[in-house]
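Taken from Swiss-Prot, the feature signal peptide applies to 1-26, supported by sequence analysis. The domain 'PI-PLC X-box' annotation in Swiss-Prot covers 41-192. The active site annotation in Swiss-Prot covers His56, His106, and the record cites sequence analysis as its basis.
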Amino acid sequence: MKKCIKTLFLSIILVVMSGWYHSAHASDSLSKSPENWMSKLDDGKHLTEINIPGSHDSGSFTLKDPVKSVWAKTQDKDYLTQMKSGVRFFDIRGRASADNMISVHHGMVYLHHELGKFLDDAKYYLSAYPNETIVMSMKKDYDSDSKVTKTFEEIFREYYYNNPQYQNLFYTGSNANPTLKETKGKIVLFNRMGGTYIKSGYGADTSGIQWADNATFETKINNGSLNLKVQDEYKDYYDKKVEAVKNLLAKAKTDSNKDNVYVNFLSVASGGSAFNSTYNYASHINPEIAKTIKANGKARTGWLIVDYAGYTWPGYDDIVSEIIDSNK
């Protein structure tokens, strides 16, 4: 009789413990549905309070040339696949072409598609997953065609941002630090084009975002209402780069100020050989930072911009999943 009671008691404890475990780890499963992970968050959160995985030079997946790929290819998945894998920050860089279009570039290298390709894919994705938000960084990355008569920003504003085909796609609210509820189904602009007449998104002021080259830096944006904290030391070697990434992660972890915007680049410029290619750097940096994020648990990371987003090396944690699951 005593044995039966003991067995019953242990069974009850196991059931209770199991229920507690699954309840306590419910939010760990965000990355199990990467295509709509934002839909499971409190939509009262500001975007700056959400840990967001991003891709660096997001459009470089089109490169096939093996020589150019060593230093210019930073992604191997197309836009829609990146979105489905959980990426929500896209680093789009371009060049103004003679036909008043923006060609997507990585530096001098043309990536064989136009900005409209990204916007069309984002529009399609957000219509399928209307509770998600995409942050799009926009930057001029190469000199305009000699026949261009408008500035890069003017072309973007007139032919894309204000284009009836895309206008409802962009967040156009006045909140400098919008919530997820305000931006669902929208692209929020992260403006690296310089001075602008666009009054919504990050960098929405006359001076734009003042970006320091190859540096960890802080600057005020949106007429001083937000503090942008960036690590973009792309000329570092592995050890120094990892240290720089971890240093900004440590600051974000203990910072509860929603008006601080953390943008942390994991990318390193290639040295031009397979040994120090973007892929090789990513194969070491991504798993190392993923391990750190996992060890930190539910803690603020900010927005982490990575090479080869959605690519998992055998035996290592996937960095996109770890960023998603670190959300509280």
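A Cβ is built for glycine as well, from the same backbone N, Cα and C atoms used for every other residue.
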Spatial separation of His106 (active site) from His56 (active site) - C-alpha basis, Å: 10
His56 (active site) - helix vs strand vs coil (DSSP): coil
Cβ neighbour count within 10 Å of His56 (active site): 27
